[in-house]
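Taking it in order: structure first as structure tokens, then the write-up.
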Amino acid sequence: MGMCSKQNLFIGMAVVWVASLVFDVHRQPRLGHNWYVYKLVMLTNLNFVLDVFYSVLVAAASKSRVLRQIADFMYYTSVFPVGVVTCGLFWGLYYIDPALVMPEWIAKLIPTWLNHITHTYPIIYILLDSYFHRRNAPGTITCWIVSATLVFIYFMIIGYVRFYDGYWLYPILQLFSIQHFVLSYFLAFFGFFLLTKAAYFLNKMMHRTRYPATTGGARKVNKKRH
């Protein structure tokens with residue numbers, strides 16, 4: 001695919017993200033609060049807004065080195081791991097029992113297409129982004145720090161909602177003891193870090209497959225010149 005076609009693809013995908021967010025902001029109900037920002041306590045909505053911002057960034061980054069560097073960092077440290085967790089947990093738990101992630105009364109409020117935008121489209125976008133863009137990965141220490149920070153912040157959000165609003169964000173948490181909650185935190189932390197590494201291997205594998213002879217060819221040319 002040529003540069004122009006690739007650019008148009010990601011502009012189009014960004015338009016889908018932005019239009020879906022506009023619909024969600026203006027047409028979807030906000031339970032318990034008037035401000036849309038309160039919906040961001042849900043991982044789905046956090047990932048939704050994250051993907052909208054990232055897709056616009058990617059669409060605008062073709063001629064800006066700084067924007068590309070920001071996109072590279074976000075891809076590894078938030079977009080890939082948060083997207084995989086959001087979609088994987090949702091569909092995994094939904095397969096076991098839909099009520100674990102989406103009670104029937106909530107499902108009636110959300111259009112099917114919007115549910116797929118928030119829980120299926122992120123994976124499609126991640127795979128296409130991985131395939132078409134070589135991403136420069138941050139260092140391992142940086143990934144550890146970002147993983148610990150983001151997981152800690154989100155668990156604090158869960159605790160805040162439980163303490164101040166009196167309910168768990170996800171029905172499955174009602175089944176957790178304190179020990180389960182602590183264990184889930186450490187599993188989430190290590191799992192998040194492993195996903196940053198999975199993003200690295202996926203991106204590397206995709207571009208090694210697409211350009212298997214690039215490095216070797218360059219070496220042969222250099223040897224001939226010498």
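Any Cβ shown, glycine's included, is placed from N, Cα and C.
In TrEMBL, annotation is done automatically, which means it is predicted and not curated.
Per TrEMBL, the feature transmembrane segment maps to 40-61 (among others). Below 8 angstroms of C-beta separation, residues 7, 10-11, 13-14, 17-18, 20-21, 24, 67-68, 70-71, 74-75, 78-79, 82-83, 85-86, 89-90, 117-119, 121-122, 125, 129, 133, 154, 157-158, 160-161, 169 of the same chain, each at least six residues beyond the ends of the transmembrane segment (40-61), sit close to that stretch.
Taken from TrEMBL, the feature transmembrane segment applies to 73-93 (among others).
Long-range contacts of the transmembrane segment (105-128) within the same chain, counting only residues at least 6 positions beyond its ends with a Cβ under 8 Å from a Cβ of the stretch, are 9, 13, 16-17, 20, 23-24, 28-29, 44-45, 47-48, 51, 55, 79-80, 83-84, 86-87, 90-91, 98. The transmembrane segment annotation in TrEMBL covers 105-128 (among others).
As annotated by TrEMBL, transmembrane segment applies to 140-161 (among others). Residues 41, 43, 46, 76-78, 81-82, 167-169, 173, 185, 188-189, 192-193, 196-197 of the same chain, all 6+ positions outside the transmembrane segment (140-161), place their C-beta atoms under 8 angstroms from a C-beta of that stretch.
The annotation transmembrane segment is assigned in TrEMBL to 181-202 (among others).
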